[in-house]
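Here's what TrEMBL has on this protein:
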{"type": "COMPBIAS", "residues": "429-439", "note": "compositional bias 'Basic and acidic residues'"}
{"type": "REGION", "residues": "429-454", "note": "region 'Disordered'"}
{"type": "TRANSMEM", "residues": "40-62", "note": "transmembrane segment"}
{"type": "TRANSMEM", "residues": "69-90", "note": "transmembrane segment"}
{"type": "TRANSMEM", "residues": "171-194", "note": "transmembrane segment"}
{"type": "TRANSMEM", "residues": "223-246", "note": "transmembrane segment"}
{"type": "TRANSMEM", "residues": "258-277", "note": "transmembrane segment"}
{"type": "TRANSMEM", "residues": "284-302", "note": "transmembrane segment"}
{"type": "TRANSMEM", "residues": "308-330", "note": "transmembrane segment"}
{"type": "TRANSMEM", "residues": "351-374", "note": "transmembrane segment"}
{"type": "TRANSMEM", "residues": "394-418", "note": "transmembrane segment"}
Amino acid sequence: QLDPFYASIILFVGRAWDAITDPMVGFFISKTPWTRLGRLIPWIIFSTPFAVISYFLIWFVPDISRGQVMWYLIFYCIFQTLVTCFHVPYSALTMFISREQSERDSATAYRMTVEVLGTVLGTAIQGQIVGQVITPCIESPFFIGKTNSSVAMEELNMTRDTGSLTDTRNAYMIAAGVIVGLYILCAVILSVGVQEKRESSELQSDEPVSFFQGLKLVMNHGAYIKLIAGFLFTSLAFMVSTAHLASDRSLPSTEDRVPLFGQLSATLTIPLWQWFLTRFGKKTAVYVGISSAIPFLIMVAVLDSNLIVTYVVAIAAGVSVAAAFLLPWSMLPDVIDDFKLQHPDSHGHEAIFFSFYVFFTKFTSGVSLGISTLSLDFAGYQTRGCSQPNEVNFTLKMLVSAVPVGLILLGLLLFKLYPIDEEKRRKNKKALQDLREESNSSSESDNTELASIV
């Protein structure tokens with residue numbers, strides 16, 4: 001029941017706060033001493049209890065007449081910080097499982113499959129619990145007689161708002177409780193089931209590097225900048241389009257099922273894209289996978305709205321979403337390997353690379369929600385309205401078709417500038433192996449010399 005403007009402010013401020021916390025958490029992780037549980041797992045264990053409490057309070061409606069905006073803003077920022085303390089080490093674990101590129105790619109495919117599956121599960125839980133409570137729409141005063149419009153609106157507010165909003169609030173609290181339970185369960189499985197391998201990545205730095213020095217090194221790496229820039233625009237395209245596919249008022253009430261079909265499609269096709277990138281290369285998979293959504297997005301603008309078109313576009317978007325989210329995460333370890341070859345004396349920056357990647361993931365989500373709320377607000381969207389102005393329907397079509405297509409084309413252009421192709425990957429792999437063998441032989445000779453002296 002917040003004004004859309006204040007909701008947008010909360011989202012944008014929360015993402016701006018992320019811009020500070022993500023790289024900072026990445027830097028602190030890189031400086032964390034090794035423990036018997038590892039370097040990353042302790043962050044996941046200790047952040048989980050506080051994260052679930054803050055998430056639950058995001059959905060709690062405080063019994064205060066003023067200050068609700070500050071309540072949600074504060075707990076939203078706290079939750080974003082704690083999710084960063086979970087997600088950055090969770091994502092960076094890929095670099096601490098193995099040194100082999102093929103094994104890292106496989107681990108990334110498994111991780112992204114289960115992440116999308118978790119999104120499907122969360123959508124289903126939230127949709128089923130909240131969907132049980134039907135909040136009645138409110139007729140516009142336009143369609144109520146002018147002579148009794150104020151009386152009718154007052155009756156609507158008294159009879160509908162009190163009961164329906166109480167039930168809706170309770171439903172959201174129950175859904176939050178269930179998801180909190182899943183959060184804790186997944187954190188326990190991760191902490192118990194995954195073991196960090198200290199030797200998988202050279203985290204120990206001979207000379208400590210300050211935060212700004214490490215940040216400068218990472219952000220000056222051209223391959224990394226081009227990758228995250230392409231990732232930013234393509235992710236934003238799919239988030240904007242899929243968020244509005246189910247919002248067409250000319251369709252039946254399928255708001256819970258349309259996103260579900262798209263997410264299921266993404267889950268099932270991630271293994272396909274894993275095979276494709278192994279067979280044809282990652283850059284080729286990016287071009288084919290992401291661009292395949294463009295014809296279906298154009299269908300939304302050209303064809304009249306109907307249920308079949310919506311489901312076809314949702315499934316096709318899911319196939320491309322799988323490529324758009326798997327491939328950049330799969331390409332990130334290649335960028336880190338390339339960075340290590342260019343800066344062989346600089347170690348321990350893996351968490352900073354991943355922290356900025358996590359930031360851009362959450363940043364695109366926030367921007368897409370901000371674009372949505374502001375665009376619909378400017379178009380005259382009526383909250384809980386039974387009917388919407390024509391400007392709202394036109395805005396929805398643009399958000400589903402024209403805007404995502406433009407963002408996808410821009411993202412693909414940036415991926416074209418990405419310099420690490422399959423030949424470059426093979427050269428980097430061989431160079432890293434030679435570097436490690438040289439380092440091991442040097443270490444062995446030093447030990448032999450020390451033994452002879454003793």
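Each Cβ is built from the backbone N, Cα and C atoms, and glycine gets one as well.
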Of 40-62, 69-90, 223-246, 308-330, 351-374, whichever stretch has the most CB pairs under 8 A to the transmembrane segment (171-194): 40-62
Beyond the flanks of the transmembrane segment (394-418) by 6 or more, those residues with Cβ under 8 Å of it: 223, 226-227, 229-234, 236-238, 240-241, 243-245, 247-248, 283, 286-287, 290-291, 293-294, 297-298, 300-301, 313, 331, 371-372, 375-376, 378-379
Helix, strand and coil counts within the compositional bias 'Basic and acidic residues' (429-439) (DSSP): 11 helix, 0 strand, 0 coil
Long-range Cβ neighbours of the transmembrane segment (308-330) (under 8 Å; 6 or more residues past either end): 91, 94, 104-105, 108-109, 111-112, 115-116, 227-228, 230-231, 234-235, 238, 241-242, 245-246, 248, 251, 254, 258-259, 261-267, 269-270, 272-274, 277, 282, 285-286, 288-293, 296-297, 299-300, 357, 400
Range from 40-62, 69-90, 223-246 with the greatest count of C-beta pairs under 8 A to the transmembrane segment (351-374): 223-246
Residues of the parent chain within Cβ reach of the transmembrane segment (284-302), under 8 Å, 6 or more residues beyond its termini: 230, 234, 238, 241, 245, 273, 276-277, 309, 312-313, 316-317, 319-324, 327, 397, 400-402, 404-405, 408-409, 411-412, 415
Long-range neighbours of the transmembrane segment (258-277), counting only residues six or more past its ends (CB under 8 A): 105-106, 109, 112-113, 116-117, 119-120, 123-124, 127, 242, 245-246, 284-285, 288-289, 310-311, 314-319, 321-323, 325-327, 330
